[in-house]
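The transmembrane segment annotation in TrEMBL covers 48-68, 80-100, 121-146, 152-177, 184-205, 211-234, 241-260. Annotation comment: TrEMBL describes 78-256 as domain 'ABC-2 type transporter transmembrane'.
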Amino acid sequence: MTTAPRSDASRFAKGTFAPAPQRSDMAKLVMSQAWLETKLFWRHGEQMLLTIIIPLAMLIGLVMVPVLELDDPLERIFPMVLAISVMSAGFTGQAIAVGFDRRYGALKRIGASGVPPWGIIAGKIVSVCTTVTLQYILFSLVGLALGAELSIGGWLLAYVGMLLGTFVFTSLGLLMGGTLGAELILGLANLIWFILIGATTYVAVAPSLDGISSVLLHLLPSVALTDVISAALAMSVQWSAVGVLVVWGALGAALAARWFRFDMPND
């Protein structure tokens, strides 16, 4: 004797498959987007080269190889490398990534999935902050291995400075990545990256500068961030450098909010 199969009506409670549209939780949405951005970032070979390998090679090479006539090269090189790593992750990495995401329509497709524009940008910012945090931990461990003396208070204060630098360079990266063409961004972002690295390295290792050249160099965001981190590690705050970063960040954020586009003009 066989038993007749139960109908679907008795197998599932009434209303199980009824549509229930509702807005996703915004915090979960941003964190999901940030997790996606972070995974893509760390899987990209060029991003790893810019944000980890080159700064790490500079830190180890300039400290271990006696090419600089400095009493304590680590004292100057360590803050400089931290600033360069933030610039690489926030500015160059984001500018290129956003530019090509726009070029191939990735941002439009993400937007079509229900993620609002501000959610995409917030996800990118959280992703960069996560990357910078991991960078800071890695470079701090390497610095300690090379002989750096880091106090807990100075280390935490320097982390606050790095987050300020992350805001500055990410806003500038989104400005460039969201306004120019992908091919132009690729060349221009790398060119600016090299120029800022050169200026920052020169200020860090050169003898004391004075005059108009010193003023102009310390107005650059990468040099200002190096000054902020260096002072923070010594449990101090260099307010003039903080002011320079705030101005750059406010300018970049305002212009990015005004001119950022999620697609290319010819799409």
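Each position is counted from 1, following the chain as shown.
For all residues, glycine too, the Cβ spot is worked out from N, Cα and C.
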Stretch in 80-100, 184-205, 211-234 most in contact with the transmembrane segment (152-177), if contact is a CB pair under 8 A: 80-100
Ranked first among 48-68, 80-100, 121-146, 184-205 for CB pairs under 8 angstroms with the transmembrane segment (211-234): 184-205
Maximum Cβ pairs under 8 Å to the transmembrane segment (80-100) - stretch from the list 48-68, 121-146, 184-205: 184-205
